[in-house]
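Written out below as structure tokens is the structure these notes cover.
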Amino acid sequence: MAPPSAPLLLRAVGEAGPTRKRGRRPRALKFVDVAVYFSSEEWGCLQPAQRTLYRDVMRETYGLLGALGCAGPKPALISWLERNTDDWEPAALDPQEYRRWVTFQRKTRSKQKTEEKDVFPPKEAPRKGKRGRKPSKPRLIPRQTSGGPICPDCGCTFPDHLALESHKCAQNLKKPYPCPDCGRRFSYPSLLVSHRRAHSGECPYVCDQCGKRFSQRKNLSQHQVIHTGEKPYHCPDCGRCFRRSRSLANHRTTHTGEKPHQCPSCGRRFAYPSLLAIHQRTHTGEKPYTCLECSRRFRQRTALVIHQRIHTGEKPYPCPDCERRFSSSSRLVSHRRVHSGERPYACENCEARFSQRSTLLQHQLLHTGEKPYPCPDCGRAFRRSGSLAIHRSTHTEEKLHACDDCGRRFAYPSLLASHRRVHSGERPYACDLCSKRFAQWSHLSQHQLLHTGEKPFPCLECGRCFRQRWSLAVHKCCPNTPNGSPRPLIGGPSQRSSAL
């Protein structure tokens, strides 16, 4: 005989409870209404873990009834369970109690059949006089229930909290193996072992082509498709191909626009429950993925994988234009805009365009005047965290990196590397339009504004824009005269001509 399934071990009260009739006093709930009885054959098919869980569920249910004042005399089933024996004892069960339970189950099944007729109406007989036409099928619209507690896992509604707790116990029977780190439950120990690698960071499966490691064998199989170039999943709407079925499912929501899963905290909607679960960690602050090297925690596993490449030095994404390598595909996409000249992010205030969203956000601080990074030593504020870090070195006077040619010292290796190009004459940054070369990336960026005509530094008082920050600073010190012409600088050409 096959082992009984988890729903056979326990049935929720919301599915088996008697329906209250109008005008009658509700009957008190009894233990026989929620208890589950097994025959000797069924009991013999249960695993030891299922028997232990069955004892705990029945005792907990009897305790809940006692808290509600509905326990009554101790049933024979509870007395038998308290003896904690694995042997089936038919004499330990009250035959009258067992017969009442069987009668109750028969009434429940007849009640469920009646409800199914209400939810799914019978097919209508074909109308006379219309030969050759089949009758239209009735729409199957399930009846909605409301007013009771809802299970957060499956969304089922129950008449009371006792029924909900019984339902949760049944779900625990289906998945008896909980994760000690996050509480998630699984049906088999192998699934639990595979899941716990997400917390520990263990990756036992290695790709033979590139050496990349994975925590699950299926993830390795999906990764190997990258080397073969195979994309077996096609979108029927636009023909785009994907390597994973999940990627195709996520893509198809762009055509339908359906987002049925809503965040209860902020109202944001998502196409899949997994995306909603990841989003809700921003509200709860949960970071279940820990780096074993530095103990830093992350909300998403992908963020942990990208972070671990800092320790391993792995950069699996090469740029086909300059052979520079990156640790994530998103950084590669952002870098390739340097070669293509694409600037998809536009400023709404001055029409300046940028290749990265982070650069646009930093630029918008020029319009708002906001400087969110204050120095804790002197109170001076900066728009960028990097500028604050460089400024704080002026307080500590800690400059560990010295130039071998002139002895000048710098606070960061990047500043020293940029300075040493003055002595070597190296100019690694070339303009794609005129082939002019520069020693620093910032100088190339300023030069490219001559070709694009972009002026990203606006004056907040008059709205005039400038290509360079120092030009804006000079403009603020020497604003325009009332007639609109620029006020001449001290020692400028206008003063020298008037002196002549």
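Keep in mind that glycine also has a Cβ here, set from the backbone N, Cα and C atoms.
Per Swiss-Prot, these features apply:
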- 112-127: compositional bias 'Basic and acidic residues' (COMPBIAS)
- 128-137: compositional bias 'Basic residues' (COMPBIAS)
- Lys455: SUMO2 cross-link (CROSSLNK)
- 29-100: domain 'KRAB' (DOMAIN)
- 105-144: region 'Disordered' (REGION)
- 149-171: zinc finger (ZN_FING)
- 177-199: zinc finger (ZN_FING)
- 205-227: zinc finger (ZN_FING)
- 233-255: zinc finger (ZN_FING)
- 261-283: zinc finger (ZN_FING)
- 289-311: zinc finger (ZN_FING)
- 317-339: zinc finger (ZN_FING)
- 345-367: zinc finger (ZN_FING)
- 373-395: zinc finger (ZN_FING)
- 401-423: zinc finger (ZN_FING)
- 429-451: zinc finger (ZN_FING)
- 457-483: zinc finger (ZN_FING)
Original post:
For the zinc finger (457-483), which partner among 177-199, 261-283, 317-339, 345-367, 373-395 gives the most CB pairs under 8 Å?
Top reply: 345-367
**OP:** Please spell out the DSSP helix, strand and coil residue counts for the zinc finger (261-283).
**Re:** 11 helix, 4 strand, 8 coil
Subject >> Model confidence over the zinc finger (429-451), averaged pLDDT >> reply: 84
**OP:** In three-state terms from DSSP, label Lys455 (SUMO2 cross-link) for me.
**Re:** coil
**OP:** Six or more residues out from either end of the zinc finger (317-339), which same-chain residues have a Cβ under 8 Å from its Cβ atoms?
**Re:** 306, 309-310, 355-356, 432
**OP:** With a Cβ cut-off under 8 Å, give me the same-chain residues at least six positions beyond the ends of the zinc finger (205-227) that come close to it.
**Re:** 194, 197-198, 243-244, 314, 316
**OP:** Six or more residues out from either end of the zinc finger (289-311), which same-chain residues have a Cβ under 8 Å from its Cβ atoms?
**Re:** 198-201, 278, 281-282, 327-328
Original post:
Near the zinc finger (401-423), which same-chain residues lie under 8 Å Cβ to Cβ, leaving out any that are not at least 6 residues past its ends?
Top reply: 389-390, 393, 439-440
Original post:
Taking residues 6+ outside the zinc finger (345-367), which of them lie with a CB under 8 Å of any CB in it?
Top reply: 334, 337-338, 383-384, 454-458, 460, 465
Original post:
Who sits close to the residue listed as 'SUMO2 cross-link': which same-chain residues at least 6 apart have their Cβ under 8 Å from its Cβ?
Top reply: Cys350, Ala352, Leu449, Cys465, Phe466, Arg467
